[in-house]
């Protein structure tokens, strides 16, 4: 796992370009604390920060082919690299033992078609210095980030926005279309960022660029919605074998591999399969909270004791403003509305003290119908058959009920309010995208200046729209998962030089899960039915039957204390497209415990924090001496050996 940079800029002097690249690398030093390197020639330069996992003593980047024509800088891990190397031996004489050179050799030999053979996670920049063509690519599910800014006859790209800002000559400005997306959905839509003319490479896509040509993005993989033709028994056997293989593939490393263990079904299953099926006992890591309603450590301990892992815990006892500011401003670089970013960062910091790699349970909910909104959608089918007057009366009763001031999805009142929210949002233009933070009416009250703004959400595959729950699962896998969950895990873990691997997001597991009939994943109103049937003996009944809690944070209480005071201060610091009186009304109702507006207030708080303190363009007149004084780096001149 690493961080990368590339820039092509004909108007800069070579020394200026190298200084910019080096400055960008300092912004992503956390992604690769073990090594760094720069390759440069003429009008281009690329840089790399390395977290050494495989072939630790070699495989430095950027790497070039023997002729010096092709250069690669790459972030990620390709788990099947040994098989790929074997298939390339007739055309390539390998100099290293890792996956990086296998990716280089494959791209040189087969071009972007080679991406179809790769299994893992990646973001890469591949430069043909002879033809002056750049190829950028991301893995299928969007596990690894890659941002870019095209300019006239120039381009720059980087793993994180803070590094990209070091390469740009322009002062970035807020994109109000993206801001509207953020407040509607809680995240930015695929391909967009918070800034005008700054983009992200789409998951499962290849982007090509040349100085005098157009930027062209093309999909090399899409979620296949083919229909499984076997029996449930056959499907369970396939799922068992493919998930075990996926876990085994993700143990490929020259360093110790641990595992996150939240106490939920997905991470508990991964740890149990490591122990029971692969005879591998990892160190495990969990985070807890001082508020009992949010604390899942008891369940994590049950799995740790059963699997006899060396288990580590840490407790998040209070609001940590400094850590949030660092994560948002330095690592994500734009507003991020998922409050579980904080505990994810804390458990990553804990794990990084003991291992370099962890396995996680990310993807289990999206693949196997685990979210409670799918349950609410199923109830909605019955609800819409009721007479309109009765439905209206039910809605009025629910809205009149006091909303519990605890996240807990076990609360019947909380479920009732969640269901009523879903009913109200059925009139929205994008009923399948989740989470939707506001109904159209509430959005207009909060941000009247943003009404009419927003990007068009990606179209779902036609086959998925034949079933509303299938459409929600597909939208979650293609939009919510990369834009929220995987963004959170990547930035939180890489902030501490920790690589997180997700077995559920193995290509074969993903394709199998989405090929199965949707109703196989649910039994009545209960999700993950097929997953539970397949691995019934791996977890105790107590774990399988516990209600989903989620990796939630006690923000409801934080906003009644210091965090609410911080929000009031931010509201006074400057103008924004938000209705200040409406924000204060939400905060007041929350403090009085009339409604739980914790998640909305968090979203607003993070946005105002970013808006008031976003980092402007760095000083372009940095001292070469001060910038390049660190001796732990190497500079490759592309002309050598060309």
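Every residue gets a Cβ built from N, Cα and C, even glycine.
Unlike curated records, TrEMBL annotations are generated automatically.
For reference, TrEMBL has these:
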{"type": "ACT_SITE", "residues": "2", "note": "active site, for GATase activity"}
{"type": "DOMAIN", "residues": "2-212", "note": "domain 'Glutamine amidotransferase type-2'"}
{"type": "BINDING", "residues": "99", "note": "L-glutamine binding site"}
{"type": "BINDING", "residues": "287, 360, 361", "note": "ATP binding site"}
{"type": "SITE", "residues": "362", "note": "site 'Important for beta-aspartyl-AMP intermediate formation'"}
Problem set entry | Around the Cβ of residue 361 (ATP binding site), the count of other Cβ atoms that are within 10 Å | 21
For this session: Could you measure the widest C-alpha to C-alpha distance across 287, 360, 361, the residues recorded as binding ATP, and give it to a whole number of angstrom?
Result: 15
Exercise. What three-state class does DSSP give the residue listed as 'L-glutamine binding site'?
Worked result: helix
For this session: Using C-alpha atoms only, work out the spacing between residue 361 (ATP binding site) and residue 2 (active site, for GATase activity) and round it to an integer in Å.
Result: 21
For this session: Could you measure between the residue listed as 'active site, for GATase activity' and residue 362 (site 'Important for beta-aspartyl-AMP intermediate formation') for me? Cα positions, answer in whole angstrom.
Result: 20
For this session: For the domain 'Glutamine amidotransferase type-2' (2-212), would you mind checking the mean pLDDT of the predicted model?
Result: 94
Problem set entry | Long-range Cβ environment of residue 287 (ATP binding site), under 8 Å and at least 6 residues apart | 262, 313, 314, 315, 316, 343, 346, 347, 350
Exercise. Under DSSP, is residue 287 (ATP binding site) helix, strand or coil?
Worked result: strand
